[in-house]
Amino acid sequence: MNSDRFLIIFIVLVFVPFSLACNVSIDRESDIFKIRVDSIKVVKFFISVKESSECYLQKCELNFEVKSTQPDSINVVQFEGNSSIAFPPFLTEFNASISLKGLFPGFFELSTFCELESQLSMNLSTRSIFQGSVVRQVGMIDKVMQYVIRVMVFVMYANMGTQLDIAVVKETLKRPIGPAIGFFSQFIFMPLVSYVIGYLLLYEHDIWRLGIFLFGCSPGGNSSNFWTLIFKGDLNLSITMTFISCIASLGMMPLWLYTLGKTITKTVKLEVPFTNLVISLVTLTSPIFVGILVKYFKPKCAEYVRKVIRPLTFVIVIAMIILLFVTQYFMFRMFTGIIVLTGFLIAISGYILGAVAALVFRLNRKQIIAISIETAFQNGSIALVILHTSFDYPESDLAVVPIIAQALITGQPLWLVYAIISLSSFLRKKRTETE
């Protein structure tokens, strides 16, 4: 455990005749309250008392409290030893210290209560509150996890490029009403829905709100193509929408984060690093064009990729899930009912808004299915990579929680619907055979 880092707080107590006044000033570094998990930070105090000849300090006591703010359901820090310090009377200078131990990634408040009493029996208490954070030690396995996610994104997008038929995309764009509705559903409806639901349900947790908003601004995910195929929707429209959303995210994600994103964080100063964001998006979406070039110049290679990509993707997904539980197990401890409800409402809103928009413009059944599914599914991998490359700890660790929750929830209603449809088809077939 590390105990070689100190926080020094200077407290000056000033007494004047026939009255009692206390002026508490605290000087500190910008990162003094950043503690690592399982480490101890010693907080040192130097207290100077200025007295008059008619008023002497008889009692001085400092009390401390820590409160977890994000997450507020888990203790992120605790005292090691006493959380209260009493000083002998009639002294003018004091030296003392307390120790804080990091328990869990997150943010906390350290409150100091200074109680004073003079020979005139005049009492006064002052309170100061300071913000702090606990960060986990990032090891090799965390870096491996980030590389695995990057590889998975590269493989998925390169595969999309090899399977993308530009002629089909052009044909779909000749009647642009479907792609246009999909674009507005993904990059207008979903960011606003994520912002509003996050505001209503996660108002006191701005880091979680930022994560869910970032996910709402993300492009469509590859799972949407799979589900569109399962439910016999317009697969060409689905693939076209996924392709367009990936390219459009280069401009739309920074735009939303620069506008509404800046209004989210309040308790923690969190600047959106737009340069890193754009670089990450360009890096992540470029494999699409690599795949397109491979298909154009090496069609046989593209056909080979199509055959091996599914088992390769399966292996990568399994590896990512295992690494996720190993490296991010703490994240699941932060799952609460309100986070699950937030993810569920956003996902359901995506299905409904996409379907309603398509119905309003009188699109056919297959197009309605494609737009509804494409609107609800976001690309969680892109959101995760952007968080870990653009934000510091523990912000990125906290913001990822609602993203994972919504990603796990989004597909569950479709599994239920698919099970009901399959069961109904089986029963109808059985009834027909009986008759």
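Quick reminder: no glycine exception, Cβ is built from N, Cα and C everywhere.
The signal peptide feature in TrEMBL is assigned to 1-21.
Look at TrEMBL and you will find 147-168 (among others) tagged as transmembrane segment.
The transmembrane segment feature in TrEMBL is assigned to 180-201 (among others). Away from its own ends, the transmembrane segment (180-201) comes close to residues 208-209, 212-213, 215-217, 219-220, 237, 241, 244-245, 248-249, 252, 256, 260, 264, 338, 341-342, 345-346, 349-350, 353-354, 357-358, 361, 363, 370-371, 374-375, 378, 402 of its chain (Cβ-Cβ under 8 Å, at least six residues beyond either end).
The transmembrane segment annotation in TrEMBL covers 237-257 (among others).
Look at TrEMBL and you will find 277-297 (among others) tagged as transmembrane segment.
Taken from TrEMBL, the feature transmembrane segment applies to 309-332 (among others).
Per TrEMBL, transmembrane segment is recorded for 338-361 (among others).
TrEMBL lists 368-387 (among others) with the feature transmembrane segment. Within its own chain, the transmembrane segment (368-387) is flanked in space by residues 146, 149-150, 152-153, 156, 178, 181-182, 185-186, 189-190, 211, 214-216, 218-224, 227-228, 231-235, 237-238, 241-242, 245-246, 249, 253, 277, 280-281, 284, 347-348, 350-355, 357-359, 396, 399-400, 403-404, 406-407, 410-411, 414, which lie at least six positions past its ends and keep a Cβ under 8 Å from the stretch.
Among the features that TrEMBL reports, transmembrane segment is placed at 399-421 (among others).
Here the transmembrane segment (338-361) sits against the transmembrane segment (399-421); at least 3 CB pairs are under 8 Å, leaving out pairs fewer than 6 apart in sequence.
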